[in-house]
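J.: Okay, so TrEMBL annotates it like this:
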BINDING   Asn13, Gln46, Asn66, Gly76, Asn77, Asn162, Asn195, Glu213, Arg214, Gly223, Thr224  substrate binding site
ACT_SITE  Cys75  active site, proton donor
ACT_SITE  Cys222  active site, proton acceptor
Amino acid sequence: MRLRFTKMHGAGNDFVVIDATKQPLTLTPEQMRHLGDRRFGVGCDQILVIEPSTDAGADFRYRIFNNTGAEVEHCGNGSRCFVRYVVDAGLTDKREIHVDTLNRRLRLMLQDDGRVTVNMGAPVFEPAALPFDPAGLVPRLEHGFELWPVEGVELGVVSMGNPHAVQRVADVATAPVATLGPRIEGHARFARRVNAGFLQVLARDRIALRVYERDAGETLACGTGACAAVVVGIRAGWLDSAVEVQTRGGQLRIEWAGGDSPVLMTGPAVKVFDGEIEL
Ligand SMILES: N[C@H](CCC[C@H](N)C(=O)O)C(=O)O
């Protein structure tokens, strides 16, 4: 099969974007893995498949697959690239777009400076939402927020639609992302595995972040991970409600007013090239 695609990135988190708005497309996990392979295929962290909406309340739907072929619930950087794609491809003339993912409806706004703001929905802190099994653990409370002792560190857990476990570190540059990241990502207490965030507080409105992503390893940026780190930092009393997040691939802005209010993420979305591949 000859497949047309668009290569994009959001703060260095890179995607193969496939437009399936005009004809249905089903790729096997093996075909996804080939697309994601940085030597034998195109190479990407995740694959984004854009489809027509199946509900009057949304303009589109899209599906996200890690480069292992596993479908996931949410991708912050991918949602911004989705907006850039559908606007540039002329699939919509709107600047506020509603899209359905596996388990959320997102509202996305294209800003005049080219960045995209995404209403990422509200965080969910109940362990069962990830899922995370806290049985037998005694959390340390930081400003009333539970930090769970796992693998010798303290994890703040939160679902942004996909699962995240965030720990505070003194310096992201020396954080044990390559060794501790996979141990947390695959830990038995996370039945559907987890994205492992390493957060360094630079100021109450600025953090540095590295994320060992579920099913993808360390990426240069993780949008849902940035949301997760900021809301954990706010609940733990380390951060204010608007935070600049420095990732290895670029900068994101995360805002959250607390409670059931939605998390707003603003950041870049860049098209790199169009291509075709024989699958
Ligand atoms: N690896 C994530 C999906 C991609 C999320 C990330 N790329 C983002 O920008 O949010 C997971 O399995 O939940």
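Please read every residue number as a count from 1 along the shown chain.
Glycine too: its Cβ is placed from the backbone N, Cα and C atoms.
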J.: Under DSSP, is Asn195 (substrate binding site) part of a helix or a strand, or is it coil?
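T.: Note: Asn195 (substrate binding site) is in a strand by DSSP.
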J.: For the binding-site residues Asn13, Asn77, Thr224, which Cβ has the most other Cβ atoms within 10 Å, all shown protein chains included?
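T.: Selected residue: Asn77.
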J.: Which binding-site residues are spatial neighbours of the residue listed as 'active site, proton acceptor' here, meaning Cα within 10 Å, out of Asn13, Asn66, Asn77, Asn195?
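T.: Of Asn13, Asn66, Asn77, Asn195, within range: Asn13, Asn77, Asn195.
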J.: Excluding Asn13, Gln46, Asn66, Gly76, Asn77, Asn162, Asn195, Glu213, Arg214, Gly223, Thr224, which residues of the same chain place their Cβ within 8 Å of the centroid of the Cβ atoms of the recorded substrate site?
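T.: In sequence order, the nearby non-listed residues are Asp45, Ile64, Val72, His74, Cys75, Gly78, Val211, Ala216, Thr219, Cys222, Gly225.
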J.: Near Asn195 (substrate binding site), which residues of its own chain have a C-beta under 8 A away, given they sit six or more steps off in sequence?
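T.: Listed in sequence order, they are Asn162, Pro163, His164, Ala165, Glu185, Val211, Tyr212, Glu213, Arg214, Cys222, Thr224, Gly225, Ala228.
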J.: Using CB atoms and a 10 A radius, I'd like the single residue among the active-site residues Cys75, Cys222 with the highest neighbour count.
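T.: Of the active-site residues Cys75, Cys222, the highest Cβ count within 10 Å belongs to Cys222.
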J.: Where among the binding-site residues Asn66, Arg214 do you find the Cβ with the fewest other Cβ atoms within 10 Å?
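T.: Each of the binding-site residues Asn66, Arg214 was scored; lowest Cβ tally within 10 Å is Asn66.
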J.: Over the residue list Asn13, Gln46, Asn66, Gly76, Asn77, Asn162, Asn195, Glu213, Arg214, Gly223, Thr224, recorded for substrate, what is the maximum interresidue Cα distance in Å?
T.: 16
J.: Looking only at DSSP and grouping its letters into three states, which state does Asn77 (substrate binding site) belong to?
T.: helix
